[in-house]
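*Asks:* The annotation domain 'Sodium/calcium exchanger membrane region' is assigned in TrEMBL to 82-237, 270-411. Feature annotation from TrEMBL assigns transmembrane segment to 52-75, 81-100, 112-134, 146-170, 182-204, 216-235, 270-288, 294-314, 335-360, 366-387, 394-413.
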Amino acid sequence: MGTLIRNGSAHFEDKNVYASNVMPQKIRPTAEGLSSRSSMTWQSSVYRSIKIVIFSTKLNLLMPFGPLAILVHAFSGHNQGWVFFLCLLGITPLAERLGYATEQLAFYTGPTIGGLLNATFGNATELIIGIYALRNGMTRVVQLSLLGSILSNMLLVLGCAFFAGGLVFYRKEQVFDKASATVNSGLLLMAVMGLLFPAVLHFTHTEVHYGKSELALSRFSSCIMLVVYAAYLFFQLNTRKDSYVPLTEQGVDPPEDDDEVPEITKFETIVWLSIMTAWISILSEYLVDAIEGASLAWNIPIAFIGVILLPIVGNAAEHASAIMFAMKDKLDISLGVAIGSSTQISMFGIPFCVVVGWIMGEPMDLNFQLFETATLFITVIVVAFFLQEGTSNYFKGLMLILCYMIVAASFFVHEDPSSERGPKT
């Protein structure tokens, strides 16, 4: 009996030893499998993200022109015209993808912060180009590019949105919120006032301290405009918060086609925003350095390059978004993209560049010269008249597009008298 017990216990011990030897061997492949599976998941996630962001639109076929511009600059520094042209082509898809990544981030931040992010990153390209131009002392290029961005958004982008939406819904007039359009029109008129007084002070020679009062007034007005824009944001995001709340939260059933979901994760969105912003910054430096050379090589005025060509690149995201939403009969969003972007450039972008120039020691002011200020004033008045009824159709869009063509032709034959304006003393 004892032998039997000893044999049984020995057999039991042998089984335990065997089990102890076998069990780790069963766990070890499982851990390796999990590691391998997580690695494959991470790789597939990266591949899926690149496929969605990079290969989902044909406009990204222009992305290789960015590195090509850097190569042309490195091996043939005298061909500034080609460097400028290639940089324009290379930045265009980046600006559009920057807007796409911002829209994806808005899914995770909510409608309130998302609307603010769309407005901010939508104008990131213009601000990056402006800061690089300020660093190079090209204050006039900054003024012209910011002015061109406002004109492009108000006439070309809004006109194309009205025209495309009117063609799709040609049997009816599309409607939008008149109250919001009136507030934006008022802010644009205030921006015109901020630009008008320094120009009038300069051309009437009524400065108390010649060469200094104009700059001091510009800096004071810029600070006031920044305060007004901050108050406007508070008003929009708090007092009129309902305009940003989804329809489902207001007790209204959303349209059937509004079941959009984010295509990439929040972390991927932040990574892509960082990559696009950094790449735009690099190309913007080459773009700014090549502006004067391109003007001489192509025999095109710098005013035309700054007001017409640069904003077309910077407004690529706004242009595509505004047309897309207008064709879905979401005209309030199209109006927010076009007019909202113009409002932000005029009430934030321009004053911000004045303050940055102040910090850098550059004499950036609000005197955009008489021709440019008059063009902006007339444009704001024309657009305000188009918005006062709260309706749109393809004919209104066509008129806005033709107005932009007149503005473009005007700057093509306009010789900027202050393109070489030196620092004020």
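The backbone N, Cα and C atoms fix where each Cβ goes, glycine too.
Help me picture where these features are in the structure shown.
*Replies:* If you look at the transmembrane segment (81-100), the same-chain residues 6 or more away from its ends with a CB under 8 A from one of its CBs are 53, 57, 59-69, 72-73, 118, 121-122, 124-125, 272-273, 276-277, 279-280, 283-284, 286-287, 289-291, 293-294, 297-298, 305, 309-310, 312-318, 320-321.
Remote same-chain residues near the transmembrane segment (146-170) are listed as 123, 126, 130, 188, 306-308, 310-312, 314-315, 318-319, 322-323, 325-327, 329, 331, 334-335, 337-339, 341-342, 345-346, 349-350, 353, 368, 372, 375-376, 379-380, 383, 392-401, 403-404, 407 (criterion: CB distance under 8 Å, separation of at least six residues from the stretch ends).
Sequence-remote contacts of a segment are chain residues at least 6 beyond its ends whose Cβ falls under 8 Å from one of its Cβ atoms, and for the transmembrane segment (182-204) they are 150, 154, 213-214, 217-218, 221-222, 224-225, 228-229, 232, 339-340, 342-343, 346-347, 350-351, 365-370, 373, 376-377, 380, 383-384, 387-388.
Within the chain, the transmembrane segment (216-235) has long-range Cβ neighbours (under 8 A, six or more residues past its boundaries) at 116, 183, 187, 190-191, 194, 197-198, 201, 209, 343-344, 347-348, 350-352, 354-355, 358, 364-367.
Long-range contacts of the transmembrane segment (270-288) within the same chain: residues 49, 53, 66, 69-70, 73, 83-84, 87-88, 90-91, 94-95, 97-98, 101-102, 105, 121, 124-125, 128-129, 132-133, 136, 138, 141, 264, 310, each at least 6 residues beyond the stretch ends and with a Cβ under 8 Å from a Cβ of the stretch.
Among residues of the same chain six or more beyond the transmembrane segment (366-387), those with a C-beta under 8 A of the stretch's C-beta atoms are 143-144, 147, 150-151, 154-155, 158, 178, 181-182, 185, 188-189, 192, 194-199, 201-203, 214, 217-218, 221-222, 303, 307, 335, 339, 350, 354, 396, 399-400, 403, 407, 410, 414, 416-418.
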*Asks:* Do any residues of this chain, six or more beyond the ends of the transmembrane segment (394-413), have a C-beta under 8 angstroms from a C-beta of it, and if so which?
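*Replies:* Non-local partners: 151-152, 154-156, 158-167, 170, 300-301, 303-304, 307-308, 375, 379, 382-383, 386.
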